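Okay, structure first, notes after.
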């Protein structure tokens, strides 16, 4: 039997032998692909390799595609003329933003009386009239006369049980806590101080002066510091960079300066005291050393990193300043003009609605794609069916 088997093997059809070789080659190929995938996964988990790849990609960003080099010399010459026109456009755009800044200054003076009245209501310096307090609810929120009367009685009952509050307590603290960008800065020890915040104002630079704006945080007398106003000034630039004029995209904040907070002794929340025990190497005696170190606090906002004359900062300082600029711009553009809507949460709901709409649009697009597939006479749903679990790639 063994001889017969050997004979069968030696007399195997050459075509069959080719099939065997093909199977072996396929198996070898699959092994190599599997190893390659494993190696790729290992490489992508290495932070140094990822950083190197990102640096390489950043270097490619904005690099010429080679098309310009292929153009005839006379065409390149005309393209250079277009670039010069673009630089002139950038300078006109800079002038446009300067005039926008002048308009902002003009209308800030018109807004200010309304903001001042808002502050008076918040701080109980002014009690609004019944007419000023009337607010027409949305149609879906309108109540019947009976329900309105019932709600009014319940409110009166609650008011009787509670002590009559003055103004709108913790108005600005509530605004800060409702906005993620600001609440991330708040620490528990900041909250008692921010309960004394009465108003935030925006002051623009005077006509003819370099473009800037100042945020003024007005506090009532308190036990934490003697300042009545804390300030943060942001200097801006609205002109194209001579070395990179095409990067101009409107005014940009170039630096900011805070102010000195005159803390009451023992109330400085930007610092904390720690005690460490140290043992003498020779004598073996133990002593306690007290050290003062920086502490996380919203009030660090008023001591931003200083920008050196050469403009060079380390990565940490750059990140802090970038976040600082974003916060300053957000307070000026959104918080101060729409404070009541951030207090009630309506402004935040509007922001959420914007994201929801984007999601709905995406869902609609997917629905359209599914409808197109169903209406396609050649569409075969079996081809799109998910493979069995054992066939899916891990």
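Cβ atoms are placed via backbone N, Cα and C, with glycine included.
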If I go by TrEMBL, the feature region 'Disordered' sits on one of 135-164, 165-194, 195-224, 225-254. Which?
135-164
Which stretch, out of 297-345, 346-394, is listed as region 'Disordered' by TrEMBL?
346-394
